[in-house]
């Protein structure tokens, strides 16, 4: 049951990092620091990367025309098999870097796993596997599977035995359990990827799992690691897995604000939050909204209250069975519901393209969690709005930490907000 314990740990985000110092100056060639103004769209197109026609067709189907800054910097080297260590803001398309780079290079061999991608939560693993399916749409010979705790390991073992995937996405606990049961063979892995790598490498037990898995893969392979937050303490740990990696840090790490995202706070008592939330949902224009709360109980109660007030809400929290969480996540992603109430479980790495407003109904516990929550709105260079409720001195302190660390001014919510500042106008 050891892997179950690891999996359960993955569900909560204990964001206890120290505020990050500006980027270290230790030389580690080749390194790219992409600073200056935040330009999310480059004039070059995906065609410039000379990708397979099947990939280009899938990219067109997804509606992407130009690579983001991080894609522009990473993809040309990544598709050549170079090791990559990349830190870039949430919502800038890091996932597509390793999905496209690995699919570009993959030469599927029946019965062999070529690509191993690991991340720290089940939901993120599920989402990454969906991205692989989306981009490999015109590559029918490429098989993708996702493995994580909370679901029957027997089913996973059957999949590996009867229909061995070329791309495996999963959480470290379940991957290690499958390796130990001799169901998963990693001897042919050519690409080893960690997404939100800091989350896995900061927790010592999870780092041990990752290291054990890493040692079971061939010495000659490509290693890529990505995260929105990479403290200077964790970077040397990442480098130990790599050989002369290309390091890409998009923008200064203290300035992890998101282009196009309007950020405001509202000062009020805890007892006034519901009324204020309902008022704002009435007056603001939104495609989809995520409301973050601090506990399962508050999540369930608020979702119920919203439904009673005729707001189409759905809840996701860590008290739910795994299948139920994934089903609800998919419902929200498919636009069946427009309002999602969630705990931190949902806060990191989740990608819902239509979300343009995030509410911190309860203040996140620290500045990192704040970043990963508000990054749900305004992803991939689009506009968005983040509203944070401040109800006591501790809330105010955390908001000050956010402003100091990310060098951003979070102003008090004005009486009226120009709709064009937080929602894309249809052309």
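The backbone N, Cα and C atoms fix where each Cβ goes, and this holds for glycine too.
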Please find, within the list 195-198, 199-202, 203-206, the residue stretch that Swiss-Prot describes as motif 'DECD box'.
195-198
Which one is it: of the recorded sites 154, 162, 240, whose Cα lies the shortest distance from the Cα of residue 93 (ATP binding site)?
240
Candidate recorded sites 154, 162, 240, pick with smallest Cα gap to residue 88 (ATP binding site):
240
Relative to the Cα of residue 240 (SUMO2 cross-link), which of the binding-site residues 90, 92, 95 has the closest Cα?
95
Including all protein chains displayed, how many Cβ atoms other than that of residue 94 (ATP binding site) lie within 10 Å of its Cβ?
26
Integer mean pLDDT for the motif 'Q motif' (44-72):
85
To the nearest whole angstrom, state the Cα distance for the pair residue 154 (SUMO2 cross-link) and residue 95 (ATP binding site).
29
Nearest by CA distance to residue 162 (SUMO2 cross-link): which of the binding-site residues is it, out of 90, 91, 94, 95?
95
